[in-house]
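Below is one structure, written out as structure tokens, with a few remarks after it.
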Amino acid sequence: MRNQMKIALLVGLAIVCIGLFLFYDLGNWDYTLPRRIKKVAAIVLTGGAIAFSTMIFQTITNNRILTPSILGLDSLYMLIQTGIIFLFGSANMVIMNKNINFIISVLLMILFSLVLYQIMFKGEGRNIFFLLLIGIVFGTLFSSLSSFMQMLIDPNEFQVVQDKMFASFNNINTDLLWLAFIIFLLTGVYVWRFTKFFDVLSLGREHAVNLGIDYDKVVKQMLIVVAILVSVSTALVGPIMFLGLLVVNLAREFLKTYKHSYLIAGSVFISIIALVGGQFVVEKVFTFSTTLSVIINFAGGIYFIYLLLKENKSW
């Protein structure tokens, strides 16, 4: 099957999943349909942002088992949210305004990515693996600081923080939908012209430089893009650890191509199918007895172990 046909198949499955979610057991159209449309839009945006950012990140790191969470961006997001509550309280209407909070989170995550990038290329012989090591250290630091502040704040305000700690597709922040959509659209348009570079970047730094790619500049720009996309997805539903790893590697296995124009589209549609279809199953089959994030992390964790064992055998 050609890759165009495979992408068309994924698009068809995504449309079927969205149609089922929107129209199955609808009941009162006027009340239910607008809410389901908002929910589906947020899920699609989240799935697209996670898949897009993970594919870009794996390309610039040239590693199939890494996700942007290794940079500590998820931990930084939680530190920002905890710090805001700790310093200003949950009653501060300006800081707790969802749009202002979202913009602050995005800007701080971009700033952190730039600082990491400067550390990465400050000395000779530093490479992407040094960046990942620093990211792990900072991620641990941010998690520890968040836990420390959570121990000190008022229990009622801790409840506000706790709502942001876990991914929830039943309590999606739809107020940010238009802002997130505009950011995602602009980011996608900006990144699309780099897709021809991604095919070369996936060969590694030395090959990319030899073939005329301004490696440092492109990596710096893509790290900013990853920070933006991660902040969009995290602000909408909360942190999800393994979704990107799962859908990107499934896209690679399904499409079996090096062309990122196909891989990005495939991973985005697989992510949409997984999230919308998974949420439909959680609501209609499991009747909310479990959550989609638990299923994703469980399946993603098993697949991560499989990838490690598979790569170990290839070594």
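Placed from the backbone N, Cα and C atoms, the Cβ positions cover glycine too.
Features reported for this protein in Swiss-Prot:
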TRANSMEM  7-27  transmembrane segment
TRANSMEM  40-60  transmembrane segment
TRANSMEM  76-96  transmembrane segment
TRANSMEM  100-120  transmembrane segment
TRANSMEM  128-148  transmembrane segment
TRANSMEM  172-192  transmembrane segment
TRANSMEM  223-243  transmembrane segment
TRANSMEM  262-282  transmembrane segment
TRANSMEM  288-308  transmembrane segment
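Contact check: the transmembrane segment (223-243) against the transmembrane segment (100-120) gives at least three Cβ pairs closer than 8 Å, residues 6 or more apart, which meets the contact criterion. Residues 104-105, 108-109, 112, 138-139, 142-143, 145-146, 149-150, 152-153, 156-157, 160-161, 164-165, 230-231, 234-235, 239 of the same chain lie 6+ residues outside the transmembrane segment (76-96) yet bring a C-beta within less than 8 angstroms of a C-beta in it.
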